[in-house]
């Protein structure tokens, strides 16, 4: 085709589009495209902003977007790479030391921070120990120190007193209650002393060979961070570890991952629903172009020219509608942000441009993917149709009909979900359900035909059954459209319920908000009695033995693991080992079995650690504990719910195995705000006790979950609008035929009431059958999603088998009644003249 010919065809397509718009032929297609673009754009923008905000909140827990941890200062090569990428940095130094105040001294975990610490989030401090705290943006000034509240009574000091760290005197100015990058460190036993990085040299504590931990906190834009992560990995040695915000907190990571997956699934469902609406509207559009195509063929137009003109018309329509669709999508997400301002994060970053471009492209791709197949029939229209309007073109070959739709769906849905497994799985499941449902519908229509012929029934019912059977292709398409609509909405609704239930289970109201560490064996009995006397709810006490993993199957651990995992944190520190005769409630055995009573040999290891280190069932592990070896064989691999805020461990031994090694004890308990005064008595009675306050961390997690619920509810609203559009498309796609049938029936003596009952009864039947089909499909998809994607427990949705068919019959019946009322209002003479 020459360039001039292409321009002429495009101009003619433009004229066709203007003509059809003025004739009111395109409003359903326009609404469908507008829905596809605006909903997908709004969801993409809202999801993008919310995910960036949630990612920032996770980063606030780390104190940065990413962190490099090392036993020494970073090399000049890594420091240069940080400068090249333009990242903000803040250096942190941690080391154990002894702090003195008069005649009192105590072991502390000293932490030196720069003035810009932290890069994300805030430190929380109080003017006095155990007083109300607040977020602050500054750090200890040179010559000052902030102490953890429990350190005040241990040293016998108050705010304004002086403590000595090494050779440096520091004035105590505040009590520190929360450090963002310490939120998930349950096992840092020593109380914290924070001071300014400028005072490190004056303390004379850090010397060559000292046991210290350097942290380089980094923050920047997503592109900068991604480039830095890719470039710096090869420059880090085995002792240096890059920690990302998403990896720093397991309790937040799983919830954020599930939310991202759910938003992707919601986007997928919205696009599918908009695609169904476009497919139904395109079918009606194509059927109403049979006569025009035949006339163009009579005037010498080729099949290809006819098809190109109509496809050009749809592409022009999609491009023109995509522009206001993108703007509407932006307005929708902006309005949603304003409406939900009270529960969304205080700061929502602006989204990137990619969701806008992809949202606009969604309209074009969805229209071609779902609307091209009906148009392919137009190339088979013969010129003879001008004289014989009963000549209907045959359907296009099946691979063309389904190939475009499947390809477009997979590509679009893969982008929106970001989950190839979930996308392919659901598309294949959807295709299988379509085939199965088509066969079932065919059988059902045959049964309806037989029942209608064998049993006496009112004329209008018999006519209704006959119309369904005679138009089996169109009836099947309608049932599939209704079924997929109900199924998409039911899947999202069921997953929403499962996710909310899981989040509530993970974080109930009485979630332990204090961890008590470093409980000495001689204090366990007195500690239990104290909690019981104060009626403080608590969980079990767990012993902790510090040990380093040194060998796997008698091979040095650094030689046994892969090169990529030699810098894993578990190899650079002592692990917290424990023993237990019962499996913790928040653990589940994946491989092997829990030990029997009296068993003295065996090791249970957490699945992620086993995966990183390549440890399998039956492997022999060797530990070094206070200079003494300990060996054992892996007999089980566990899945651990790190988000449960319960004591969890990488390594668990049978009871009795660690009896001869020095141990301290760990416990968690819940304490109401008004009862926190009891903490002073607890610390006074047990001065070596370490208390970790998790209230601020739990509040962070709860806030994130509340915001996640908002995102879920917003997704349901968008799907509801898309579902309503599908119903309108399905009803409108058959309105021409229904008008003609209504005119003939009324001309032959049928009443308006009979006609209305026949038409509405058909939609009630469609709704009930669609509800049953959608319920079966939902059960299969929910089972697969819960077990393979979201890692949620599955149980049958018995309530759905009743509610969905009933709701389908009522909703579709009512929508059909609204849609066909014009059939009984239109005079038969007017319609018959148009035939």
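Cβ atoms are placed via backbone N, Cα and C, with glycine included.
Taken from TrEMBL, the feature domain 'ABC3 transporter permease C-terminal' covers 268-378, 715-828. Marked as transmembrane segment by TrEMBL: 262-285, 306-332, 352-378, 399-416, 422-445, 709-731, 763-785, 797-820.
Per DSSP, the secondary structure of the domain 'ABC3 transporter permease C-terminal' (268-378) breaks down as 91 helix, 0 strand, 20 coil. Note on the transmembrane segment (306-332): residues 1, 9-10, 12-14, 16-17, 20, 26, 29-30, 33-34, 36-42, 44-45, 282, 285-286, 289, 293, 296-297, 356, 359-364, 367-368, 371-372, 375-376, 378-379, 381 of its chain, located 6 or more positions outside it, place their CB under 8 angstroms from a CB of the stretch. Comparing 262-285, 352-378, 709-731, 797-820 for CB pairs under 8 angstroms to the transmembrane segment (763-785), the maximum falls on 797-820. With respect to Cβ pairs under 8 Å, the transmembrane segment (262-285) is most closely packed against 709-731, considering the stretches 352-378, 709-731, 797-820.
Same-chain residues lying 6+ beyond the ends of the transmembrane segment (709-731) with a Cβ under 8 Å from its Cβ atoms: 28, 31-32, 35, 39, 42-43, 46-47, 50, 259, 262-263, 266, 269-270, 273-274, 276-278, 280-281, 336, 340, 343-344, 478, 481-482, 485-486, 488-489, 492-493, 496, 499-500, 503, 763, 811-812, 815-816, 819-820. For the transmembrane segment (352-378), same-chain residues at least 6 beyond its ends with a Cβ under 8 Å from one of its own Cβ atoms are 29, 33-34, 36-38, 40-41, 44-45, 48, 271, 274-276, 278-279, 281-283, 285-287, 289-290, 293, 306-307, 310-311, 314-315, 317-319, 321-323, 325-326, 329-330, 393-396, 400-402, 404-405, 407-409, 411-412, 415. Taking H, G and I as helix, E and B as strand and the rest as coil, DSSP gives the domain 'ABC3 transporter permease C-terminal' (715-828) the counts 99 helix, 0 strand, 15 coil. For the domain 'ABC3 transporter permease C-terminal' (715-828), the model gives a mean pLDDT of 78.
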